[in-house]
């Protein structure tokens with residue numbers, strides 16, 4: 001199997017295991033977990049880029065207001081996304097978190113149409129509408145909108161939109177985003193410590209190790225993704241990305257035993273149908289483009 005596919009699969013597989021990691025930190029506040037994740041991610045990813053000798057960009061980025069502005073915004077959005085995800089897991093709403101990442105690609109193409117004026121093909125439009133119907137069905141049958149899932153999808157979609165125009169690569173961008181978020185994260189930990197509520201101090205050794213491990217836990221999948229996604233077609237990556245929400249969904253239902261009503265099942269089936277339509281159309285479109293390119297090359 002090509003390295004690109006293996007590396008990309010490894011990234012999404014590790015992301016799919018995140019609920020098990022955050023579930024092991026139950027009893028720690030979501031904001032404290034988020035703060036540790038930000039700080040230790042900065043430490044770990046900085047070590048990585050220094051070891052790779054990829055630090056020449058930092059001074060220029062910090063001295064360029066436009067770059068700082070873009071990454072301040074992306075840092076706020078990804079910080080919100082991380083925080084919502086952690087809260088969803090530790091509050092027993094893992095299934096809802098999986099919903100967010102099932103519909104995320106559909107939200108992303110809708111945002112691209114809205115902000116970048118990208119034209120949606122009719123099957124894509126139908127997939128977006130169908131996903132919306134699934135969300136509305138879940139809201140109607142349960143009486144509660146899946147706000148956490150929707151916020152995860154929207155924040156990650158907006159993050160992808162901003163990073164599309166950002167002038168730095170994924171690793172460098174993560175360093176800068178973590179650097180920009182670290183003062184707020186450190187201030188929150190200091191506040192908890194001064195108020196005698198910092199769980200890290202009184203936690204057992206295993207929990208302390210897990211909190212420090214937030215750095216590699218966050219960065220290692222990103223390293224796999226950055227290495228793999230450049231080597232494979234976008235259509236292949238789009239299929240592999242559903243490994244993660246599928247694992248999160250299965251963990252929520254079978255490992256954590258979260259309630260999953262018939263109404264939610266119908267809603268998820270509608271959303272999965274939207275995903276199938278999205279993937280099927282995308283694969284057919286990619287094949288058509290390859291065939292047209294091959295025919296054009298043969299004519300030359």
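Any Cβ shown, glycine's included, is placed from N, Cα and C.
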TrEMBL annotation (transmembrane segment) - matching range among 12-33, 34-55: 34-55
Stretch-averaged pLDDT - the domain 'EamA' (148-279): 90
Secondary structure composition of the domain 'EamA' (3-139) [DSSP: H/G/I, E/B, coil]: 114 helix, 0 strand, 23 coil
